[in-house]
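The domain 'Acylphosphatase-like' annotation in TrEMBL covers B:3-94. Summarising the annotation, TrEMBL assigns active site to B:Arg18, B:Asn36. If you look up TrEMBL, you'll see B:208-398 marked as domain 'YrdC-like'.
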Amino acid sequence: MSHGSGGRATAQLIAEVFQAALDNDLLAQGNDQALFSPPPGRLVMSTDGHVISPLFFPGGDIGCLSVHGTINDVAMAGARPLYLSAGFIIEEGFPLDDLVRIVQSMGEAAQSAGVPIVTGDTKVVERGKGDGVFITTTGIGVVPDGIQISGDLARPGDAILVSGSIGDHGVAILSKRENLGFATEIHSDTAALHDLVAAMVGSVPEIHCLRDPTRGGLATTLNELAFQSGVGMQIRETCIPIKSEVSAACELLGLDPLYVANEGKLIAICPADHAERLLATMRAHPLGSESAIIGAVVEDDLHFVQMETGFGGSRIVDWLAGEQLPRIC
Amino acid sequence: MHGERIRVRGLVQGVGFRPTVWRLARECGLIGDVCNDGEGVLIRARPAADIDPAAIERLCERLRTECPPLARIDAIERQPLTEPIPHSDFRIRDSQITQARTAIVADAATCPDCVREIGDPKDRRHRYAFTNCTHCGPRLSIVRGIPYDRSRTSMSVFPMCPACRAEYGDPANRRFHAQPNACPDCGPRLWLVDTQGREIDTGATGDLDAIAAASRLLHEGRILAIKGIGGFHLACDATNAEAVAELRRRKRRYAKPFALMARDLEVIERYCTVDTEAARILTTAAAPVLLLNGIEPDPGSERALADAIAPGQTSLGFMLPYSPLHHLLLEDWDRPLVMTSGNLSEEPQCIDNQDAVARLSPLADFALLHDRAILNRVDDSVVRVMAGAPRMIRRARGYAPSPIGLPPGFETAPAVLALGGELKSTFCLLRQGEAILSQHLGDLEDARTAREYERTLDLYLDLFQHRAQILAVDRHPNYRSTLIGRDRATRWQIPMVDVQHHHAHLASTLADNAWPLHGPPILGIILDGLGYGDDGTFWGGEFLIGDYRDARRAGHLKPVAMPGGTQAILEPWRNLFAQLECAGGLDAMRRRHPDLTTLDALAAQPLGVLRTMLERGINAPLSSSAGRLFDAVAAALGICGERILYEGQAAIELESLAARCLADTESGYPFQTSEGPTGIQLDAASMWPALFQDLSQGVEIARISARFHRGFAAAVVELALEIARRHQIATIALSGGVFQNRVLLESVSKDLSDAGIQVLLQRQVPSNDGGLALGQACIAAARAIRP
Ligand SMILES: [Fe+3]
Ligand SMILES: [Mg+2]
Ligand SMILES: [Zn+2]
Ligand SMILES: [Zn+2]
């Protein structure tokens, strides 16, 4: 890959690699923009830059991750995602084979999600000024009428649900990057959750909050929601689904799985009397088969997220600014 | 004839000081009055007409010698009186409180007079569990606001009967203005409940009263929750192995020693060595748990303590009864009771009846409840005699919130609030020459403790009318106390100072020893678990040169990684592995000693991942911690290497072992020093071959532990003396949690003293993180006071 200035080389590259992998009508028009009519309803839009090492990991790669990430951010408004755009920053000298793999993975992810990538941009930067490849995706979606989902709507008494086991993605990335060689290979959970969300809002339109616990993990996301809504949260350690291999890896590494990133899970908060129905809907979906009710929203001026531990204690699950630093003297 | 205006400063309010003045003044033939005000007690006095002029002199003398038990006189200042006294007798005037300073005192153990009354069948308080007077009883635990009077305590719901009211109003009575004064006719009552919270009719069970019934149940081997002064205890017969084991199982406290309560010193003497100093400490009004050396029990004695009381330790924690309830409960006990805090392991103890029944019913078979609410949780204090003096391990009931006088130079200090550490949290209010250190509040990672911390903080700010001008916190960004500080500093719009952890330990020791604000810099040896360092790494084996304002590193233990961060604090084997990797490697050590099972056990751990973590720095923060070195040694000796069950367990058990053969162990393991970019480094690498050599030759582990202690102490002393010589320092302070190790503290302080060094040790406040807040407050104040 050579560093160009929008010349013939880049045009050729776009034609060959991107058109082939991301094939759809809007992209095929070859314009610098995608033209479409908005469907009725409220639109949502979200954008996310993807920077990850390693680019390929068990369960996925930066390509499908960049599609899933933005679809999920759009879907967490209760929306049906419509279109994506993608911006690439590629480091000079990046192997073409890898680029092809990544873009194909994006194409497949978009295809199977039914959310086409309809416009995009590619820049090549000098060697040393990038880290392989960075991908920024933007998504647009439409929210069905009657759905009102927002991070500030959690109310005391609401139930807190999670759609499956936590910590898989972060541990998969770390163990691949650092070549930790755990006995069991741990796979990223990266997945597009909009179909699950569609089922959820279809069955329980009263859902108050949805959020995907990506960077910072379950703990950080719950703290964000508690702060935004001005409430506290009470969760139960024994109810939080976690794979035994993830739990073992975290213990060995000394990491708290509550702070480890996920890419295919969501947190839902809904009125308690709808919780069982929502849980049943989630469990009926392949991406939510291990869903669980993990706790409840409570009144709390201090906005604590507190967890009843397996031993009956009540630990504050803090909002961590930086790393997990030991605190015991 | 002219009189005098006598100002008495110190701990003189709420302790029966005015009635004492009243009585003595009348006995000395004086006319005048006495009142409380913002600065203490103010006396105006002149001799009656025919009395000799030295009467005032006599009053002042007798005030010092006949000072009430809970009072403390810091100063008596006398001036000529300018105004006439408007009456011809001696009176107690109403309080002139402009600014409350010393009005709330610590809870005090039942005084001998009250003990006599509850034991006297003819007394109206016979067997009454809430008997108290001005010289004893609850204070901090029942207060809700100021000024301190009955309406602002949990006694407000008990209107006094005429007899009690008369005592309360009579200056000649021991109960004059005793706010919690009560009797069986008007005061709180006790009752016994089952696990469902249903009251048991103890009359129907044939018992004298609920206390007698509770005592009988304890004799039968039951576990009881007992509401006390500052919280609930879980109690059982300490000689009943089954009951003790059951209590451990229910409480999920598998190893941490249980505190014991015994009726009198005689009972304690059967289990421990009690010298006169120990007896004195046990019988003070603070009545702490005192850690005592256990004596070998007679084999097969039916009064032998259950083994599970203090596993792996040679010392036992004993206290004497400190409330009438305890005296009555233990009346017919010639053996000790376990009296451990009423909680699940690691949570704060219960203080509320309903909460107690809910939380303690899985733990206790019955609960002895009462209806005097505990408004503030105050745990039992823990004291240990080390290096010739009592030293605080946990400062709570009986000590807090008594003010700690600050050294010269702090008289003009601004109001500072310091928020302490994370695990053994306390906070400190400082202003104008004194510091109020809160009672031990505990682990702020626990949600209940964190709430209670903030609530107690607000109470103290109100009780002491403290408006902070400066906030001080630890430099660790994730301590909850730091987060609380950040939040409050923003809300109050005041500056916040973040203090390096070990500098705070150093300053705490300075303040504890009345070291003047403008005194010269000294050397502090801070041997600790872990604290956030100036360079973002973790410190904990520090040689700091400094004063109240600043400190800098002159030396430290050589940093070693903690693979797994917090997990390395919980699992000592990780530290052993990291230590060995810095000392030639585990594999080389195994080749040298293929016979050693501890090394085999270590090699069976998932070391591949740990090696990668060390090599690539994945959650393997470097730390110069002394605590982790002790953990590693414990793991090498097969002591709780897999996982510790309570904080400091490895080091505590290691010390117990060392104490057994310290006397005849001369030589210690070798340590080395080298010059490093951040001071002289003390390196343990050279010690490991010698230690494993001993281990493979079958030297007993107690001996090895003693050699480790000897070697480490000698190396610490040598390095300290070298630094002191280079910097011409003659005073060295010892602090940090690791110095709660008596063997280490005594050998380091003795060797330094023998070398002509003035050694400063902590005394009034713990050398562990319970003393941090005092140090933080002094540092922030010192920086704010203009030189
Ligand atoms: Fe410390
Ligand atoms: Mg985003
Ligand atoms: Zn008394
Ligand atoms: Zn009465």
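Cβ coordinates are placed from backbone N, Cα and C, and glycine is handled just like the others.
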* **Composition by DSSP (helix, strand, coil) of residues within the domain 'Acylphosphatase-like' (B:3-94)** => 22 helix, 36 strand, 34 coil
* **Whole-number Å value for how far B:Arg18 (active site) lies from B:Asn36 (active site) (Cα to Cα)** => 8
* **Chain-internal residues, separated by at least six, CB under 8 A from B:Arg18 (active site)** => B:Val34, B:Cys35, B:Asn36, B:Val41, B:Ile92, B:Pro171, B:Phe176, B:His177
* Asked: How does the model score the domain 'Acylphosphatase-like' (B:3-94) in terms of mean pLDDT?
  -> 89
* Including all protein chains displayed, how many Cβ atoms other than that of B:Asn36 (active site) lie within 10 Å of its Cβ? -> 25
